[in-house]
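Peer 1: First the structure, then my questions, so here it is.
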């Protein structure tokens, strides 16, 4: 089918309306929190506080790292498609910029409402980045198959559902999930896989050539992987309690990521008949350990336990890219462009299960009395809880997350199927030239034009595409 991809009026109006709405809502609801307010100086003198006791100095280094992950790490990780680099980085930038504003509001209404105002400080910025990181994860499943308007609409609903699910897990079920294995990775992976199933494209084979990578595009994607890998310890520890919990979260993530690299490389080589490595596995499966250790990051997992998690996830994630992704596409019609099920979905579920087991097995011998109370917040509402009770509620949290993801994905997928969002035709997926002004000599694909907003009859055959980037297979080998 041919679609009208001319967004001259629709995209500007959508962006401007959303931003005007954000300005109005921020004006009505949002104010600085105490540590960011000018009145802090008065309180500082009254309580004899030091400047370094401001929350900013504790949290901002972690915020910087998470911010880099969202805009550089996830953005460049998706540049592996040979003709979709502009869109991968540019659309990631767009949806993240909108998402952090909407996340500050949605999370503020659930968690940071004081009277009639949402108070915003550096911890809010970290939580908003967490929310947007999950949106970037979800973007990977529909990469190359949706319009920027669809991405903005999807971000609006995703952030809303994320805030609701996060509130249920953290506030009602009292789940521990410092690194977001459940609230971030599991939720958005299966939310977006459900959306992808509903947006199934029967003739996507027509764009199969552009769905592959090139030597340069894989190199750019590897830059994204390295940024994510380096900063993931900050991601998993960013909102943990100061002191031992935050320290432990960084160590556990560090160990899990390291083990994951070795097993990913081992399995990738073992599955190739000549023992060669697949760059897709190295770009993605090497990060699965950081995803899976998220829930248990601040628990007394022990370094060897973190290594075991990374070891297992490196194997499972790589096997998923080789066997599970093709199965999902051919049998279940789930067209997962980036393989987010293997990097985020399955490792997220593993993380949720390991978190439940680790919580249920917590003991006074391992944590100490004060440490157990502090680590699991066994006070007030939870003062009569045992470690087994905590483990049971961790499982409830995982089940609620999966249910929310599936139901939300169905609803949002049906909305995105409407024909007036400017989505590309099947023969023009994974192509920057559909939505971007390309440098001279690079735009060689024919883009069908349809003056209506509805699908037309049989699609116009496209002119054969000439890629400006050499395919990996066509790069001459140096003897």
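Just so you know, glycine gets a Cβ as well, placed from its N, Cα and C.
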Peer 1: Regarding membrane topology, does Swiss-Prot annotate residue 114 and residue 438 with the same topological domain?
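Peer 2: Judging by the topology that Swiss-Prot records, the two residues are on different membrane sides.
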Peer 1: From 48, 442, pick the one Swiss-Prot annotates as N-linked glycosylation site?
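Peer 2: Per Swiss-Prot, N-linked glycosylation site applies to 48.
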Peer 1: For the record in Swiss-Prot, which of the ranges 86-106, 443-463 is the transmembrane segment one?
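Peer 2: So the range that Swiss-Prot calls transmembrane segment is 86-106.
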Peer 1: Establish whether the number of Cβ pairs under 8 Å between the transmembrane segment (282-302) and the transmembrane segment (86-106) reaches at least three, counting only pairs separated by 6 or more residues.
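Peer 2: Not in contact, no.
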Peer 1: Can you work out which residues elsewhere in the same chain, 6+ from the ends of the transmembrane segment (10-30), have a Cβ less than 8 Å from its Cβ atoms?
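Peer 2: Here the qualifying positions are 98, 101-102, 104-105, 108-109, 116-118, 120, 148-149, 152, 156, 420, 422.
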Peer 1: Determine how many residues of the topological domain 'Extracellular' (170-177) DSSP places in helix, in strand and in coil.
Peer 2: 3 helix, 0 strand, 5 coil
Peer 1: Between the transmembrane segment (149-169) and the stretches 61-81, 304-324, 346-366, 395-415, work out which stretch tops the count of Cβ pairs under 8 Å.
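Peer 2: It is 395-415, which has the most Cβ pairs under 8 Å.
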Peer 1: With DSSP, how much of the topological domain 'Extracellular' (107-123) is helix, how much strand and how much coil, in residues?
Peer 2: 7 helix, 6 strand, 4 coil
Peer 1: Between the transmembrane segment (346-366) and the transmembrane segment (219-239), are there at least three Cβ pairs closer than 8 Å, leaving out pairs fewer than 6 positions apart?
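Peer 2: Touching, no - the transmembrane segment (346-366) and the transmembrane segment (219-239) miss the threshold of 3 or more Cβ pairs under 8 Å.
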Peer 1: Give the one range among 61-81, 178-200, 219-239, 304-324 whose Cβ atoms make the most pairs under 8 Å with those of the transmembrane segment (395-415).
Peer 2: 178-200
